[in-house]
């Protein structure tokens, strides 16, 4: 019922887009749809359904509709998207790969990047030196990152790539430790939960990518780009972690804040304020997701741990970018040093602030119970199917005689 309602909302929004031009009028017309999307996750109580649904409908879809009302974002294109493309792009954490005709005037520039074509959409390429954006530094960095991380020609990691095989091995090693949590150090238990979260997100996005490419025939951009290889906070948040969210937050939060505050405090400080505002909004949306997950508990109160996590990272990222602007590329840490420092900082802060918030929501216990129930249901279904097939075969033998 929840997703059926969401599809109906997107049909309404798609229809509005045909008759009302972008701007305030379209925003007012779509605003009720955004409110309904925010309320829909309240209808779900299962973590395995409510968690992803609250992230997709309560966050991504609402922000996509906001951008659509203003004539921006992945739902806006020329010519307009068909309804069959509009629905999956609005209700799934994906962005369609757009093919652009090559411009002869850019031929010389494109040759500098090998044979890669210029990436589309302003949210993909943001210059660090001019914009101080935490999203993406420049096109050359993007191409180099994609080439090094085994992205296929169609923009997606192959499901058979070695990182997924390693994740399966790690998962097989971690699952038996669930029964030994009492004898494990609490921090190690949190690390296990952290790995569960990352591996689960990777496989969820991989399944969504497979579905959209094989069933809907839409080529989409990757959501993760091996974040465990990050060499800086900018590299992690801008190029490797949950790229769809980064590209949604830039036009909805970062750019408006920078434009509005630059006239009062100057562009350099406005860029820092834009980064902090973007991470603050991300923290608020994570708190909202935690509320959706724990809405059935009368004692729930926001802990603001995840908000502190994102504000801390926003502040550290702003400081990092400020140092990069001062140094102007004259000096940087070697990769052998910057990589472990980045990974350790990410893991330490996640275990300190972010993962405990998930633990208080009892996400892992609820998900384990639901997975066990699903496993038992599948076993019962398989047993009933085997029983039915056996009796059908027996009836055929009795009717026709042995071969």
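All positions are counted from 1 along the displayed chain.
Using the three backbone atoms N, Cα and C, a Cβ is placed for every residue, glycine included.
Annotation comment: TrEMBL describes 221-312 as domain 'Wax synthase'. Residues or ranges marked as transmembrane segment in TrEMBL: 27-49, 55-71, 160-178, 190-211, 273-292, 304-323, 335-355.
Between the transmembrane segment (304-323) and the transmembrane segment (335-355) there are 3 or more Cβ pairs closer than 8 Å, counting only residues 6 or more apart in sequence, so the two stretches are in contact. DSSP states for the domain 'Wax synthase' (221-312), grouped as helix (H, G, I), strand (E, B) and coil, give 69 helix, 0 strand, 23 coil. Looking just at the domain 'Wax synthase' (221-312), the mean pLDDT is 88.
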